[in-house]
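For reference, Swiss-Prot has these:
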SIGNAL    1-19  signal peptide
TOPO_DOM  21-392  topological domain 'Extracellular'
DOMAIN    31-114  domain 'Kringle'
DISULFID  Cys32-Cys114  disulfide bond
DISULFID  Cys55-Cys95  disulfide bond
CARBOHYD  Asn59  N-linked glycosylation site
DISULFID  Cys84-Cys109  disulfide bond
DOMAIN    116-210  domain 'WSC'
DISULFID  Cys122-Cys186  disulfide bond
DISULFID  Cys147-Cys167  disulfide bond
DISULFID  Cys151-Cys169  disulfide bond
DISULFID  Cys190-Cys198  disulfide bond
DISULFID  Cys214-Cys240  disulfide bond
CARBOHYD  Asn217  N-linked glycosylation site
CARBOHYD  Asn255  N-linked glycosylation site
CARBOHYD  Asn293  N-linked glycosylation site
CARBOHYD  Asn333  N-linked glycosylation site
CARBOHYD  Asn345  N-linked glycosylation site
TRANSMEM  393-413  transmembrane segment
TOPO_DOM  414-473  topological domain 'Cytoplasmic'
Amino acid sequence: MAPPAARLALLSAAALTLAARPAPGPRSGPECFTANGADYRGTQSWTALQGGKPCLFWNETFQHPYNTLKYPNGEGGLGEHNYCRNPDGDVSPWCYVAEHEDGVYWKYCEIPACQMPGNLGCYKDHGNPPPLTGTSKTSNKLTIQTCISFCRSQRFKFAGMESGYACFCGNNPDYWKHGEAASTECNSVCFGDHTQPCGGDGRIILFDTLVGACGGNYSAMAAVVYSPDFPDTYATGRVCYWTIRVPGASRIHFNFTLFDIRDSADMVELLDGYTHRVLVRLSGRSRPPLSFNVSLDFVILYFFSDRINQAQGFAVLYQATKEEPPQERPAVNQTLAEVITEQANLSVSAAHSSKVLYVITPSPSHPPQTAPGSHSWAPSVGANSHRVEGWTVYGLATLLILTVTAVVAKILLHVTFKSHRVPASGDLRDCRQPGASGDIWTIFYEPSTTISIFKKKLKGQSQQDDRNPLVSD
């Protein structure tokens, strides 16, 4: 039997989750948000995926109560198809089948995808020990939410219903080891609500006690928030807050998969979590849009019900989105000359200093991608490897010669400058005589050509100048 994590991953990315209880792995999404699958609009046309019976078309079952002739406008999801549906509010979707000797003309559909978030599944209970080992009670008015509320008040994480009237609570994370059963084996109706499944004989249906809570704090990327007391009708005089805060989210997408609020005074609001400004207000008079986005990472969901009227409530699926910062892509098919130009532009300040930027360019007989030292170049074998080694030695030798030449030139210039001794104060008169000062040699070095040495008189020789002779006017 597969562990629960794998099973829950097949249900949805929107499994009911709080920050303290992370959701299972994501999927495309659940196909049901109600306990009895009344909202199922999937395309399963067999009573079971393995060993099931084919369903009859709803537009060919005129001898039965539910058909397209009686419900021509698609009520209950009926139409010219043979998909499983729940038009009468039974405990799960079903369909008509060809009659057999036992007289059965309809069957429940076992649909793995039609399992509301928070429904953990149907499991075997052999009683020694039971799947949930906490407290328990029995009631002839048992519903899913009365059992969940009882277990939640006792601070248990899980609630289980069995045989329609028994409620079990516990924190046992290994409940799945007792063995999973088909969902149709937990279709015994709850004694308090005949439209809800409450387990079976030796079969327990499990729920997360977060379902139907009045308030909570959500931080998961995706989750489902139910109205208070769900799947029962919400009570009167309810005031509930849920915080949805996903750090780093650029927006949060909301989708009301179920919305049944009939009283015009009952309302659902979405508020800016930072300013408490009302973003969206929904009530019995204003139906929500199918879906919408809120460009925030912190939203407050607020629900209010007055003292009269009740309804099924709502189920809202939210999905947060985080936008990754744009990343700079490396240049594609960039030539070596472009790389050299880019590096030279980044080092443009070197042109105004005494430092020299050395650039080795390839021989014209070699294409740019085979230039020595290029990272995109791959070594070859045989004669090609010797050619590459030769180019590498050539480049290093050229660089060494240029460096030594520059150093020698700088030394010669330094010696020449030092040879002109600064005269004493008594000799200043002689130094001002025409022709008394020596000629200053200025050296310009260009790596791509040769070294040029020529005489150049500094401007304003009659005035003292302490500039570095290497700095040109």
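The backbone N, Cα and C atoms fix where each Cβ goes, glycine too.
What you see is a predicted model, and the numbers here were worked out from it, not measured in a lab.
Annotated features, which come from Swiss-Prot, shown on the structure.
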residue : record                      : DSSP (3 states)
Cys95   : disulfide bond              : strand
Cys109  : disulfide bond              : coil
Cys114  : disulfide bond              : coil
Cys147  : disulfide bond              : helix
Cys167  : disulfide bond              : strand
Cys186  : disulfide bond              : helix
Cys214  : disulfide bond              : coil
Cys240  : disulfide bond              : strand
Asn255  : N-linked glycosylation site : strand
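Cα distances from Cys55 (disulfide bond) to the recorded positions Cys32, Cys84, Cys151, Cys214, Asn217 are smallest for Cys84. Shown are the disulfide-bonded residues Cys55, Cys198; of these, the residue with the fewest other Cβ atoms within 10 Å is Cys55. Distance from the CA of Cys32 (disulfide bond) to the CA of Cys240 (disulfide bond) is 24 Å. Between Cys198 (disulfide bond) and Cys169 (disulfide bond), the C-alpha separation comes to 14 Å. Among the recorded positions Cys147, Asn217, Asn255, the ones whose Cα sits within 10 Å of the Cα of Asn293 (N-linked glycosylation site) are Asn255. Closest to Asn217 (N-linked glycosylation site) in space, going by CA atoms and restricting to the disulfide-bonded residues Cys32, Cys122, Cys186, is Cys32. Just so you know, the Cβ of Cys114 (disulfide bond) picks up 26 other Cβ atoms within 10 Å once every protein chain is counted. Between the listed disulfide-bonded residues, namely Cys32, Cys109, Cys147, Cys214, the fewest other CB atoms within 10 angstroms of a CB are found at Cys214.
In the structure as shown, the Cβ atom of Cys240 (disulfide bond) sits within 10 Å of 19 other Cβ atoms. Of the listed glycosylation sites, namely Asn217, Asn255, the sparsest CB environment within 10 A is found at Asn217. The distance from the Cα of Cys114 (disulfide bond) to the Cα of Asn255 (N-linked glycosylation site) comes to 18 Å. Rounded to the nearest whole angstrom, the C-alpha distance between Asn59 (N-linked glycosylation site) and Cys109 (disulfide bond) is 19.
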